[in-house]
Amino acid sequence: MQLSGYPMRQASCDMKEGGLRNKVAVIGSGSWGTAIANLLCKAGNETILWGRDENVIDEINNARVNSKYLPGVELFLRATCDLDYAVADASHVYIALPSFALSKVLPKLSLDKFSIVISLIKCLEPDTGRRMSEVISEALDLGHNRLAVISGPNLALEVANDEPSVSVVASANIATANIVAGTLKCPGFYCIPSSDIKGVEICAASKNLVALISGIARGMDLGDNTRAALITLGFRELLRLVLENGGTEETVFGVAGLGDVVATCNSHLSRNNKAGVLLAKGAPLDEVKQTAEGVVAISGVLALAERSGVYMPIAQALSQVISGKRTAHSLLDICFSLA
């Protein structure tokens with residue numbers, strides 16, 4: 001589909017002046033990792049995608065698709081199961097792994113001393129509440145100028161299908177954010193550099209809870225009025241958590257905060273939204289956990305809230321629903337008692 005004002009991207013890696021701009025590695029061959037790797041390739045970077053599943057990697061290399069995680073999308077990149085090969089000489093390394101996989105993969109990364117590492121992970125570390133950039137920084141011994149995160153309304157299938165999208169690239173060093181944004185420069189994909197890495201990461205994790213609540217309301221066949229009220233109440237807790245931890249209102253009410261909440265709560269592509277529907281319908285917890293990482297990562301949000309003295313009764317009640325200690329109906333009662 002051709003959108004007026006948004007030219008479709010080239011069906012191959014664009015050659016810029018002086019050749020390909022950067023050697024880029026993406027670690028993680030799930031839907032978002034594959035989508036961002038394909039985008040980076042289209043933006044003119046020499047891109048290689050790493051994954052553990054040999055069947056997925058072989059399919060990407062031979063059939064140019066990832067039918068398991070991103071069906072129906074033609075891919076223009078190379079993929080490998082060799083981690084050392086993937087990151088060799090890479091100037092930028094994107095991390096698109098589930099949070100539970102970091103402890104297994106990060107120690108194996110052998111990076112160039114000037115490599116910039118970019119987190120695509122939208123959660124906080126379970127039980128500790130540490131931001132993913134903090135976890136990565138400690139594991140790889142990286143300074144702030146070599147760390148960045150990307151967040152926003154980033155539904156992988158829409159990005160992969162060239163739907164116009166806006167994301168925030170955040171780093172404590174704004175120069176780093178600008179450098180990373182440059183590697184992603186591509187028609188239809190727009191990046192806003194930011195130095196509010198704390199706010200962006202906390203928004204990314206907390207919005208999962210809002211989406212779960214929205215999904216629960218949807219799964220209970222409640223109307224849009226109810227769902228809108230629940231989203232607003234959940235968003236209010238997100239706002240308090242971000243501001244108390246040094247984030248800014250500009251981030252919360254921008255695409256990394258409000259924008260991500262709108263997309264995640266309203267799209268049928270949102271896994272956290274789907275997980276909320278499953279919770280409302282009484283699906284087994286294992287099935288819900290497999291649907292979205294946000295279900296597991298709620299403990300990280302609550303840990304950060306406790307550490308920073310932020311009262312989040314809706315998040316606490318949601319955690320009890322997930323653990324089976326509370327019904328979805330009682331969650332609604334708590335939400336509306338706070339209105």
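Quick reminder: no glycine exception, Cβ is built from N, Cα and C everywhere.
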Checklist outcome for this item: Checking Swiss-Prot, the member of Asp162, Asp260 that binds sn-glycerol 3-phosphate with Lys122, Gly152, Lys207, Ser270, Arg271, Asn272 is Asp260
Next on the checklist: Given the binding-site residues Lys122, Ala156, Arg271, find the one whose Cα is closest in space to the Cα of Lys207 (active site, proton acceptor).
Outcome noted: Lys122
Item to check | Spatial neighbours of Arg52 (NADPH binding site) that are distant in sequence (at least 6 apart) but have CB under 8 A | outcome: Ser29, Cys81
Checklist entry - Which whole-number value in Å describes the distance between the Cα atoms of Trp32 (NADPH binding site) and Ser270 (sn-glycerol 3-phosphate binding site)? => result 12
Checklist outcome for this item: By Cα geometry, the one of the binding-site residues (Gly152, Asp260, Ser270, Asn272) nearest Ser31 (NADPH binding site) is Ser270
Item to check | Rounded Cα-Cα span from Asn272 (sn-glycerol 3-phosphate binding site) to Lys122 (NADPH binding site), Å | outcome: 11
Checklist entry - Cα-Cα separation of Arg271 (NADPH binding site) and Asp260 (sn-glycerol 3-phosphate binding site), in Å? => result 13
Checklist outcome for this item: Span of the recorded sn-glycerol 3-phosphate site, as the biggest CA-CA distance among Lys122, Gly152, Lys207, Asp260, Ser270, Arg271, Asn272 in Å, is 15
